[in-house]
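Undergrad: Below: one structure in structure tokens.
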């Protein structure tokens, strides 16, 4: 299957990794953890400047995290890594998921914006016009149900097992991504309207709608959100949008930015104090993996 987002070298590396695993592991969305330094040595063996910088970056991350879990790179990886981390450390249902209006979101938005009928659900491009609201509603209900169930598990091992099980169920997993994408659209509409009405909006919102391909929420949906998971992943400015939609701070170790001020980047860069934090790793701002097992000496 052709991948329009990742480069040929990364796709080839993943094929090699897959060939090394048993067939039962091929559908794992989040691979089992591996020592982070061991993973780095396996991936970056050369002496090129890029390889040396990556090794330095991984060594810096290893001061805080002992292991890494590789995330399947099918252009959903930013959503997958963020949601997996959020669920694996969830202890309560976020307030926005508790809202009575939450599951009415598709119906309410479609009553105001007819163009949302052009929303493209994964592998369901030929649906009838009236179905989109119900299908997205089901995705949102599933998101709330899974988040509630996992957040109520107190034992950390059981919680991790529940997350692993969820991310092996392709149908449910991709339904959750549709829910996240729709929440991103809802957030974009709110920010766009706030700006038009003279309310204060975060800087990334101006950047989001300054692009020729997303000057308004309709274009954002048609040219970006509809393509996530198919021909594209999340761009930098859309990482901010995801963070605002979830009300989470997304902290990313950007390894190719090692030794610069952008090595550790926060989305948003001025987060709310009460927002939980999830941590990801990227080598190129396209594919994201998950660091796990925070080292004891840095936990405080």
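One-based numbering along the chain as shown.
Here the Cβ of each residue, glycine as well, is placed from N, Cα and C on the backbone.
The shown structure was predicted, so the numbers you read here are calculated from the model rather than taken from an experiment.
Annotations per TrEMBL:
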ACT_SITE  74  active site
ACT_SITE  77  active site, nucleophile
ACT_SITE  287  active site
SITE      262  site 'Linear diubiquitin binding'
Undergrad: Counting across all protein chains present, how many other Cβ atoms fall within 10 Å of the Cβ of residue 262 (site 'Linear diubiquitin binding')?
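TA: Residue 262 (site 'Linear diubiquitin binding') is surrounded by 11 other Cβ atoms within 10 Å.
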Undergrad: Going by Cα-Cα distance, which of the active-site residues (74, 77, 287) sits nearest to residue 262 (site 'Linear diubiquitin binding')?
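TA: Looking at Cα distances from residue 262 (site 'Linear diubiquitin binding'), the smallest one goes to 287.
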Undergrad: Which site among 74, 77, 287 has the most other CB atoms no more than 10 Å from its CB, taking these as active-site residues?
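TA: For the active-site residues 74, 77, 287, the Cβ with the most other Cβ atoms within 10 Å is 77.
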